[in-house]
Amino acid sequence: MNGHMEDMDDVGGQHSVQDRLGPRKLINRTEFVRLLEQALHRLGYADVASLLEQKAGVQMQPTHVTDFQTAVMGGQWDAAMSLLPQLTAQEDIIKDARFLILQQKYLEALERQDLGSALTCLRHEMAPLGVHEQQLHQLAALLLCPGTGDVAARTFWLGGGAAHRGHLLSLLQAKLPPNLMIPEGRLEVLVEQALEAQMSRCPFHNASESRLSLFSDYYAGLECLPTSTVQILDQHTDEVWHVAFSHDGTMLATGSKDRTAILWSVQQRVRLEVMHVLEGHSQPVALLSWSPDDRRIITCSGETLRVWDVATGQLLQTCSHHRESVSSCAWLPDSRRFVSGSTDRSVFLVDSSNGMELQRWKRAYRVQDMAITRDGGVLVMASTERRVFLLRLSDMREVSLPPETAPITTLALCPDGRFLLVALNCSTLQLWALGPAMDPYSPLDMGPDPLDSLPVEPAAVYRFSNGEPVRFVLRCGFGGSDNTFVVHGGEDGMVYVWHRDSGELLFKLSGHTGTVNAVSWNPTNPYMLASASDDKTVRIWLAQEAQQRGSAAAAARRKALPLLQSDLLGWPASANDSHAAARLAAPIGPSGADSGMNGDAMTAAAAAPVEE
């Protein structure tokens, strides 16, 4: 075995050129063979992996490493700890690893309600290690949970339970030499990183699953982004102030100064149609918020929030907790509770099923806008005092980003919580890369508090309209298959689309004749975008690629079902329009100048059903 393991202990730079692979000789041959062996095992070809190990004379990893992994995943704690000295000679690492293993043992004992075993583990195994005393106190507090349900929920929140042994193994992996224990699925991770690098270099990457291949480099063009107006919604009788797709992408909600909100159905290749008109507001509808399960929707009008049933369009609750106009609201993951903010310096936690106030959090600032992470862990709030605050709801710890140089008008949180857009009233958007700061936090992870790792400056800045002051709230957002695009409207009637990471203005969409107040990118259909304007309309934009796919699908249906041809409806065939094709083929300047795209040529076609 020593002969097999000799290459595993070598550092990459110690290998000669003959030991390396690839056109640029960057790949360590021994490491590459080990990754191939691991990949073959994961694919179910253990016999082939053994043959490769025999022929190449390279062992995937030492037997005691495999035994250690098996022991951890099988809950054989004593066996796992007995193998630690064979994995590392550093006593501090061994102690930390023992603590992690015993912590998992303790939490699993709590999970099965074996309090005696848990107490024995805590007192006689963990405490004698003499490390992480504060964490020991937190672990001991879990014994005070009175009910079975409470313990199960608490241990899950803290990272315990048998289902989290894989997470434990990853924590142990981080403490051991990487060339000793190969990270799980390492070859797949490297291949995906290569594909992601190709996609990140392509500014128009959007919904690329069908284009990705290991046999050729990835490329996508402007045809993958929504640049053509395919429908104009003109049912509102006054300015449209807000627009939002449902989380499943099958519905669209619009709110207007005409004191109504409209729910629209979005069916594949079928024009948007009115589902319900939500009436009864005494003031303009300034804000809409879908529940995570899309069964309810909140409309904000003046000082009042209304909760509606999406399926029936019926009003469920009217909430008037605030003393001043409601500026924002956000749902918690359970689709039952929501939080709302206002300039009255209060944040309310409300039960949507009965409209009752559950909690009130007084703030020292006026809330201008808010968003909440998908797991409900962190509430992000913009204040009228030019600051963005992050409030962790589990312990109510609050921190803030550096102060802005101009008043904040609105914000948008990326669905995965990694990025935050902050819009300023000087025609500027800032992108903040929050990264690990928004990760779920458990004091048992033995690491620094994620909220201590907030960035000190924005990752990107997007300026438009020469940085002139804006008069209205222009809502912004993320979009695309990986949320790699930033989109917002302007008082010039344009829709702006930027590349999130490069900060490049990719194009501007023209067609609206008034201020574009809000935009929404369909979260499940990256080819679809909606924009709302003071011109009383909502425009639906679609990518040329989607229209081409639709045309191909329609042709197949016509061939298969010729008798039903006259009954089929679909998007306008604007992808075949010579003027549209010419616009889409036009080069886009790097600064975005002269890159406006006019959707008016689509309007006449979009105003009526299109026969295929």
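Here the Cβ of each residue, glycine as well, is placed from N, Cα and C on the backbone.
In TrEMBL, annotation is done automatically, which means it is predicted and not curated.
Of the listed segments 84-106, 107-129, 590-612, TrEMBL assigns region 'Disordered' to 590-612. Across the repeat 'WD' (278-318), DSSP classifies residues as 0 helix, 21 strand, 20 coil. With a cut-off of 8 Å between Cβ atoms, the residues of this chain six or more beyond the repeat 'WD' (278-318) that come close are 238-239, 241-244, 246-248, 250-251, 253-263, 324-331, 333-335, 338, 340, 342, 350, 352-355. Same-chain residues lying 6+ beyond the ends of the repeat 'WD' (509-541) with a Cβ under 8 Å from its Cβ atoms: 206-207, 224-234, 236-245, 247-250, 252, 254, 256, 266, 272, 415, 472-481, 485, 487-491, 493-495, 497, 596-600, 603, 606. Each residue in the repeat 'WD' (319-360) gets a DSSP state, and the totals come to 0 helix, 24 strand, 18 coil.
For the repeat 'WD' (233-274), the DSSP-based tally of helix, strand and coil residues reads 0 helix, 25 strand, 17 coil.
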